Every structure is written in structure tokens, then in C-alpha cells.
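The domain 'Cadherin 4' annotation in Swiss-Prot covers 386-499 and is backed by sequence analysis. For 110, 180, 459, 545, the entry in Swiss-Prot reads N-linked glycosylation site. Here Swiss-Prot flags 910-935 as repeat 'Desmoglein repeat 1'. According to Swiss-Prot, the transmembrane segment annotation covers 616-640.
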């Protein structure tokens with residue numbers, strides 16, 4: 001039983017539900033639109049006692065009455081009782097009234113008017129089913145009548161003119177604006193779907209913007225927007241519904257291109273210049289114009305001027321005129337012509353706004369030159385600096401300030417920056433009348449003493465003014481003077497020594513303090529002035545009582561006068577401005593304690609307790625400096641001396657001949673009268689000469705004078721002068737003699753002290769020179785230095801060579817040229833023996849020259865036919881001569897005799913009465929005796945110059961050189977040789993091959 005009851009209850013519940021489901025209010029709709037009716041038929045499903053919400057839609061703008069009833073409501077209770085149907089809502093009992101009506105018996109709902117969807121998109125009708133008592137048998141339901149839309153409304157833009165802006169140079173596809181348009185037709189319907197498009201663009205040309213068809217977004221088409229080309233654009237835009245196929249409308253879009261700083265300002269002129277007087281300020285000296293294509297009166301256009309160089313003194317400023325954008329150059333600091341005659345500025349310009357990112361990388365500062373010429377004006381005078389401070393020296397009493405000179409304070413002429421002239425100085429403000437200034441020199445000094453408690457002394461300083469008046473223009477300049485004064489102590493105590501002199505054995509003395517009044521009272525403190533660190537302490541002081549102290553030396557000090565600086569301080573710690581200087585004499589005392597030596601106390605000395613010492617005076621210092629200057633000038637004076645005998649101007653330049661007083665010095669050569677010709681002289685070293693295995697001579701100092709294939713050999717201690725042609729060879733011996741050779745095969749050789757060996761060949765001319773020893777009557781006791789003779793003859797030879805060709809030769813060898821067998825006027829085909837003397841010169845005067853020159857005249861005339869006998873030196877002589885590294889020693893003693901032979905054939909021989917001795921070294925460096933010098937001239941047609949003679953410094957003082965011409969000879973073939981049979985004999989024969997040279 002218990003399980004049957006729940007099952008019965010469940011069955012009853014299911015039955016009630018079924019009944020309720022099958023009992024409903026049905027609404028039927030009818031219409032001519034099948035698809036819509038099919039939609040509404042879905043509402044016929046059974047619901048639990050609910051009204052159907054939808055009715056057949058009605059199209060707006062049409063007469064829908066032909067579709068009545070548009071809906072029908074039915075209640076299930078209609079079958080059992082009378083039901084009355086009623087409707088209410090907008091369009092029924094609310095405005096607009098009477099659009100819908102219902103048949104109260106059948107429930108048919110009819111439309112009676114044309115509806116507008118834009119006014120009422122849908123109608124909500126409340127449906128009720130009433131019984132006879134007027135009570136609702138059904139729950140009221142809402143019936144919705146939808147109004148179908150037609151495309152009766154065009155799109156409407158929210159603005160008739162849309163305004164937008166975009167920066168120039170913006171990137172493409174940048175959003176400019178969004179257009180807004182609406183359509184009154186049903187939303188989300190094709191009738192309200194609007195499509196946008198650009199109808200036109202002003203200015204026309206390349207399309208610059210893109211309009212989105214669906215969203216209405218206006219974007220840039222390119223990145224080439226340029227405000228300088230087009231500052232704004234006007235677009236005509238169309239909006240059409242039904243996605244561009246329906247109704248359309250238009251609007252206007254104005255797009256402004258915003259300016260950016262993409263243009264650099266540029267100066268209109270490449271340079272600027274102006275003039276201004278010095279010492280003048282100017283609010284507008286110059287204007288600079290610039291060109292900027294950016295939008296005017298914006299920060300992109302507004303220029304900012306600045307200096308790049310030249311304004312280091314901050315004389316100028318540049319201000320921008322906001323109306324014209326010009327730069328105004330101002331002078332804010334006066335210019336001085338004396339310091340700056342012209343100013344060269346460099347200016348540049350930029351904009352107030354930063355440059356746009358699209359061009360900032362291309363910006364470069366470009367400077368424009370500006371020249372400012374400063375005009376000089378007469379400036380007058382001024383005090384520089386405008387004030388000056390003077391300080392009164394410490395220790396000066398306020399009662400002793402009269403005529404105390406502080407210094408000078410002169411005005412400056414600003415045109416010259418020097419002390420002004422023609423200026424009169426006067427005092428301006430001079431409180432208390434303490435100061436006075438000299439009207440000419442500007443010297444400031446005190447004219448009266450002052451009281452330190454004076455009201456005119458503020459902070460220990462007196463202030464006054466000085467006026468400088470220009471006497472020409474009357475202009476006045478003012479300067480301020482500050483005088484700092486110390487604390488005057490007019491009653492400081494005075495230190496007095498008990499005695500002025502003390503003994504050096506016990507240098508001590510008592511010092512006492514005294515005052516002029518009782519203002520400063522004891523006890524007094526005594527102290528020595530601080531000494532420099534470099535000076536050790538010499539004195540010390542010890543207080544004895546309230547007014548005195550003991551001054552003593554700390555170490556043994558020498559006698560003298562000492563100056564000691566002492567500082568006194570009273571009980572109130574007041575002291576004098578300057579230390580007191582004490583003078584103390586330290587002296588040597590005798591056993592009685594009395595000074596034995598007195599030192600002047602008035603002489604100046606060194607402070608800090610040191611004795612004064614002597615010092616050099618100005619005269620002594622001047623003499624020292626003069627001596628140093630003379631030492632410095634000595635090398636310079638040596639440069640002006642004539643050192644050496646170099647010729648500078650011909651024969652006479654630098655050459656001094658031997659005085660005429662020297663007897664037998666030299667024979668004149670230039671008697672022939674012909675003109676000399678210079679020849680180059682080559683010095684070579686002569687190797688050893690060997691004849692049949694025997695060495696005749698070696699010498700390290702034997703040199704040859706070679707010209708025209710000839711060779712001359714000079715010995716170490718002899719002299720040889722030769723002139724020849726062909727293969728002529730001469731050799732100078734080792735001991736103060738020389739030989740001369742002839743042309744052709746003639747040879748000469750000398751090898752002994754005081755010996756001359758001469759030879760001549762066939763048909764030639766040989767000239768011999770004999771050297772005869774002698775003495776000078778003025779210099780009989782001395783010997784001429786051979787260094788001097790060597791230098792003398794060398795200089796004379798060079799002087800002759802440098803002589804002008806047009807000048808007649810007076811002292812040089814003259815060579816006969818163009819001589820031969822065909823020569824006219826000569827019996828032998830050449831110059832006759834002494835013919836030039838016999839024809840042109842009366843030589844009878846030679847007979848009266850005295851015995852010394854008698855022999856010389858005979859030799860010159862060719863009268864002498866025998867060799868002269870000369871006495872050789874008493875000592876054996878020998879020389880070691882080195883030639884090219886080979887030593888040789890030659891010695892000859894005895895009487896020497898030289899003879900010259902001539903003939904058509906054969907040879908010449910010279911004989912001596914001596915014999916050849918072994919080589920012996922001679923300790924005596926001097927050579928004594930007579931020496932033979934022979935010289936040979938060639939008879940060929942070439943010109944030959946004499947060689948430079950080399951003299952041995954060991955020869956005797958007086959040397960007589962003679963010359964003789966024998967006769968012309970012809971060349972004899974053969975080489976220079978010494979036959980074996982002649983070795984060791986007293987007579988030697990020398991031959992020479994004219995076509996070969998000495999080897």
C-alpha cells in the first residue's frame with residue numbers, strides 16, 4: 001500500500017501537464033510573403049498557455065491593409081465560454097493612434113495606415129483575452145509587429161566639412177582623419193551599409209591621400225607631402241549606402257599640411273661689414289637677413305643667430321627681430337681702437353625649433369664673415385686702474401708724515417696707453433686735507449700729520465679722489481686713492497746701550513728701555529728680531545730687570561761693528577711698529593780692557609747681528625766686465641791680422657820682397673823682356689834610380705817638378721830649380737846643392753856636400769847656375785832660416801805667375817820660343833852667348849861693382865872658362881834621405897870644381913879632387929861652405945816655366961845665384977844612367993834620353 005500511493009500521485013501529475021500543454025491561445029498570421037509567413041509559423045508550436053510574440057512584418061512606406069489580418073489571436077477557452085479580445089500599445093491607444101485594430105470576437109488584428117520604419121521600427125501589441133466578467137482568462141502576451149525597411153534614406157555625414165592635418169614628410173599610410181556617416185535605414189542591413197570614396201582633390205595632381213571604403217579613414221598615400229609646395233588639400237568625399245550602389249551623399253575634407261623644420265635658414269648675403277667708433281655702444285649696428293622656407297612666425301622659421309668665432313671679448317650680441325626674423329647686431333661692450341682696429345666675426349644661424357629628423361643629419365654649421373671696422377677717435381685720458389692703494393710704511397710716526405711720499409698715480413692716454421702728457425692733476429675729494437698731489441708728476445704725499453683717532457680714517461684707510469684735467473680738451477678723469485695707515489705708536493720705548501764698544505774677549509752689554517712719557521709702563525720684554533733661516537743666531541738677550549736686559553754673543557766673533565735689531569714689548573703687549581736698531585762695536589782690548597782698534601760706527605753694516613763686510617764698488621765691477629769683454633774681443637781682433645803671405649791682388653798683394661840692403665840675395669831673372677806663361681806643375685814622388693845595379697839616390701822628401709816630359713828632382717837638404725823640355729832630368733843632392741840639366745840627353749846629378757856636377761850633350765844649350773857661399777855684412781854672425789828662404793821664393797814665384805800678362809816681367813824666368821836653326825841674327829841658330837847683353841846693355845858698369853860682384857859679372861858675360869874652386873866645409877857631412885820609403889846616404893868631401901864642356905859630339909864631364917867616402921851621420925844640423933846651383937834651358941820651341949824652388953832650412957844665410965848659357969846642343973839619345981866605370985871616380989858622366997822620363 002505504501003508503494004501504490006507515490007505511483008498514483010506521479011500519474012496524476014503527468015496527466016495535468018498534458019492537459020495544460022494541449023490547452024493554448026493560438027495566434028495566426030497571414031500575409032502575402034510566404035517566407036515571412038513560414039517564419040511566423042514557427043510560433044504555432046504549442047506553448048504552455050503563452051501568446052505568440054511575432055506577427056507578419058509590415059513594409060514601411062506601403063499600404064499593408066491588403067494583408068489584413070496581419071495576425072490573429074485565439075484562446076483555448078473560446079470553446080467553453082465567450083471570450084473578448086483586446087489589444088493595446090503604440091499605434092493603438094498610444095500615438096500614433098489607430099494604426100492597428102482587433103476584431104474583439106475573432107481576434108483578427110488589422111493594419112489601417114502606412115507606417116515608417118525610421119519612426120517606429122516595430123510595434124509591440126499587448127493582447128488580452130477577457131471573459132464575460134472582463135477578467136483575463138489568459139496571461140497577457142506581447143505581439144511584436146516588425147516594420148520591414150526599404151532604402152528610403154541616403155547616408156548622412158556627421159559633418160559637412162571635415163577638418164584634418166598632417167605633418168609634411170610624414171610616412172605613407174599615416175592616418176589623417178576618419179570620416180563619419182550614418183544611414184537612417186535599418187542598421188546592419190544593406191540599405192545602411194555605406195561605402196566611401198574620394199571624388200576630387202585640390203590641388204589636383206598626384207593623389208596624396210587614400211580613403212578607406214568601409215571605415216572612412218583618410219591616410220597618406222606617399223611620404224612626399226611638402227608644405228612648401230601645398231600647405232593644404234581639399235578633398236570631396238562621397239558616401240553611398242547599399243555598399244556604394246544605393247543612395248549617396250557628399251562631404252568636404254580640408255586637410256592642412258603641418259610645417260616641420262625641414263628647411264635650413266640661409267643668409268641672404270655672403271658677408272657683412274660695418275663701422276663703429278671706439279668707446280661707443282650700439283643697439284643696432286647691423287642687421288642680418290636670412291631666408292627660411294618654413295612656415296613664418298613659427299619656431300621652425302624663427303632664426304637663432306650665434307657667433308662661431310671672433311667674439312672672444314664678448315663685445316657683441318645678436319638679437320632676433322620676431323617680426324622680420326632679422327638678426328640685430330648689438331655692441332654691448334665698448335671697443336678700443338688701440339687694442340683692436342678691426343674685428344673679424346664669424347656668425348651662423350639655426351632655428352628655434354630642432355630640425356626635423358628627416359633632415360637633421362644633413363645640417364652643417366656654415367659661418368658667414370662679418371668685418372667690423374673700429375674708427376679711432378680721440379679718447380682723452382683715464383686712470384687705469386680706476387683706483388689705487390698706497391700703504392704707509394710701518395714705523396713712521398704720525399707726527400712725521402709731512403712730506404711723506406706715497407707714490408704716483410698718473411692718468412693714461414687711452415690713445416697711446418702711455419702716461420698722459422699735458423695733464424694737470426688736482427685733488428678732488430680730500431677729507432681731512434691730509435694729501436696733496438703734484439700737478440705735473442702726479443706724486444702724492446702727506447701735507448700734514450694725522451691723528452690716528454681721526455674720523456677720516458675708516459678701517460685704517462684714508463679715501464681721496466684725484467682729478468686729471470686735459471689741458472687741451474678740458475676733459476676730466478677721476479681716480480680713487482686709498483691710503484692704508486698702520487697703528488701709529490708715537491710713545492714706544494727706546495732701547496739704549498750701556499756702552500757703544502765691548503771687548504771681543506767678553507762681548508756683552510746691558511740694554512735699557514726708556515720712554516718719553518708714562519703711557520707705556522714696564523716691565524718690558526726684550527727680544528731679538530727674527531733672523532732669516534739661513535743666518536745662524538749670533539746674539540742672545542736675557543732680561544735683567546723690568547727695564548734692562550743683558551745682550552751677549554753666543555760664539556766667538558771677530559772685531560767689527562754690529563747692527564742688532566731689538567723688539568721691545570711693554571706690560572700691555574704694545575710694541576713699536578719697527579724694531580729698534582742698535583749699533584755695537586766689538587774691538588780688540590789690551591790688558592787694561594781698552595779697545596785698541598776703533599771701527600767707524602757710522603759705516604753701514606749687515607743687520608741680524610752680522611759684521612758688515614767690504615764689497616766691490618761700481619768701478620771695480622766695471623773693470624772686471626771690461627776685462628771680460630777684452631778677452632772676448634781678442635779672437636775677433638786676430639781675424640783682422642794678416643797671417644801668411646797669400647796674394648790677394650797680383651804681384652804686390654801679400655808679398656814683401658827682400659830689402660835692398662841685403663847683399664848678394666838674388667839675381668834678377670827678367671832681363672830677357674819676354675812675357676812669361678804659366679804652366680801647371682805636378683809634384684810626383686821619384687822612385688829609386690838604378691844604374692847597373694847601383695843606387696845613386698833615394699829620398700823620401702825628393703819631389704819632381706814635371707812639365708813637358710821633363711823631371712826635376714830636389715833633395716832633402718838642398719835646392720834645385722830647373723826648366724827643361726823633353727826627357728831632361730835633374731836631381732838635387734842630399735847636402736845643400738842642386739844641379740841643372742840641359743835639353744836633349746843632357747843630365748845632371750848631384751850627390752855631395754858643396755859639389756855641383758854638370759854635363760852637356762851634343763849641340764845643345766846648357767845654362768848653369770853656381771851657388772857661392774858668402775856672408776852678408778849686416779848679418780855675418782847669423783844664418784838666414786831656410787824656412788824663410790823657402791817661403792820667400794815660393795811666394796815670389798806665385799806672385800810672378802799671378803802678374804798680369806800685359807805687365808813687363810821683372811823677376812821671373814823668360815823662355816825663348818820659336819828658336820832654331822833658321823833663326824835670323826844668330827850665328828849658331830839660337831840666342832848667342834850673352835848676345836842680348838852685348839847688343840842691348842852696356843855692362844861696363846859691372847866692373848865697378850866691387851870684388852863681390854866682379855865674379856858675378858864675369859859669369860854673366862861668359863868670360864869665366866874655368867870652374868870655380870870653392871872650399872868645402874871642414875866637417876864631413878852626410879844626410880839620410882828617404883825617397884818613397886827607401887833611405888839613401890850620400891857624402892862627398894874635399895875641394896869641388898865644376899867645369900862645363902861643349903862640342904859637336906861627346907859628353908861633358910866634371911871632375912873633383914875629392915873622393916867618395918862612406919856615409920857618415922853628421923850631428924851638426926847646419927851646413928857650411930859654398931854650393932853650386934845649375935839650371936838648364938831647353939832650345940826647343942815650347943815654353944817652359946821655372947819650377948818653384950825648395951830650400952833647405954839648414955843652408956847658410958847668404959846665397960848668390962848666377963846663371964850662364966854655354967851653347968846650343970842637340971839631343972843625345974840615352975837614358976839617365978851612371979856608368980859602372982864612373983862609380984867611385986872623381987869625374988862622373990851623366991846622360992839622358994830626351995824621349996823618356998825618370999822612372
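A Cβ is built for glycine as well, from the same backbone N, Cα and C atoms used for every other residue.
Here the structure is a predicted model, which means the values were calculated and not measured.
Shown on the structure are the features that Swiss-Prot records.
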| residue | record | DSSP (3 states) |
| --- | --- | --- |
| 110 | N-linked glycosylation site | strand |
| 180 | N-linked glycosylation site | coil |
| 459 | N-linked glycosylation site | coil |
| 545 | N-linked glycosylation site | coil |
Most crowded position, judged by CB atoms within 10 A, among 110, 180, 459, 545 as glycosylation sites: 110
Looking only at the glycosylation sites 180, 459, 545, residue 110 (N-linked glycosylation site) has its closest CA neighbour at 180
In the domain 'Cadherin 4' (386-499), how many residues does DSSP put in helix, strand and coil? 6 helix, 52 strand, 56 coil
Nearest-integer angstrom distance between the alpha carbons (Cα) of residue 545 (N-linked glycosylation site) and residue 180 (N-linked glycosylation site): 117
Residue 459 (N-linked glycosylation site) to residue 180 (N-linked glycosylation site): how many Å between their Cα atoms? 86
Mean pLDDT for the domain 'Cadherin 4' (386-499), rounded to an integer? 85
